[in-house]
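Have a look at the structure below, then the notes.
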Amino acid sequence: MPKLVFSRHGLSEWNALNQFTGWADVDLAPEGVEEAKEGGRKIKEAGIEFDVAYTSVLTRAIKTCNYLLEYSDQLWVPQIKSWRLNERHYGKLQGLNKKETAEKYGDEQVHIWRRSYDTLPPLMEATDEGSAANDRRYAMLDQRDIPGGENLKVTLERALPFWQDEIAPALKDNKTVLVAAHGNSLRALAKHIEGISDEDIMDLEIPTGKPLVYELNDDLTVKEKYYL
């Protein structure tokens, strides 16, 4: 029976400061390191043995993946990194304090930017400070594929090819798979896996550093879902 484990990265430095993060390459906060280590211990206690691990190209997710594997005594497991598992790009909101942004634009508007399935944030230009267009880790991409901002719909469209080409085939081979990524890239994949509606996905929250286990049927429909 295929088994899939999602883990959002541990609390990041900008999570702790209540700032929009997106594609900004922010490190784990000390609390986030401990969350990731504890997640690894819970995986070990549950007896889950991975065949392959997938993560993004952002530091907070990569380190979380490493801690999860290290503290479950599986650091040798192959890891595959992809930009397609990156966090949702928050455009010009990246780096802004969420509370201050709500005071400026209103709680309702910020809630829509954060949780709506198909509303885009204010878009970042390629020439803006912090744009991924000049980041070496994305040098292999067509510039048109580098977003200036994303909603959850676009995040899913970006992540879905990686699911179809890499993750789903591994699961269909009956492998046990770890995906250590981000709140919104995991929400997007959860929407696809669970068939969550555009409306209901607004209410789905995935906590930091807490492994989410999917026990799947052979056709990759969900048999059981639970947190460790």
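Every residue, even glycine, has its Cβ placed from backbone N, Cα and C.
In Swiss-Prot this protein carries:
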ACT_SITE  H9  active site, tele-phosphohistidine intermediate
ACT_SITE  E87  active site, proton donor/acceptor
BINDING   8-15, 21-22, R60, 87-90, K98, 114-115, 183-184  substrate binding site
SITE      H182  site 'Transition state stabilizer'
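Known features from Swiss-Prot, placed on the structure.
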{"residue": "R8", "record": "substrate binding site", "Cβ contacts under 8 Å, 6 or more apart": "T64, A181, H182, G183, L186, I206, P207, T208, G209, K210"}
{"residue": "H9", "record": "active site, tele-phosphohistidine intermediate", "Cβ contacts under 8 Å, 6 or more apart": "L28, G32, A36, L58, R60, A61, K63, T64, A180, A181, H182, T208, G209"}
{"residue": "L11", "record": "substrate binding site", "Cβ contacts under 8 Å, 6 or more apart": "L28, A29, E31, G32, E35, T208, G209"}
{"residue": "W14", "record": "substrate binding site", "Cβ contacts under 8 Å, 6 or more apart": "F20, T21, A24, V26, G95"}
{"residue": "G22", "record": "substrate binding site", "Cβ contacts under 8 Å, 6 or more apart": "E87, R88, H89, Y90, G91, L93, Q94"}
{"residue": "K98", "record": "substrate binding site", "Cβ contacts under 8 Å, 6 or more apart": "N18, Q19, F20, V110, R114"}
Three-class DSSP secondary structure - L11 (substrate binding site) = coil
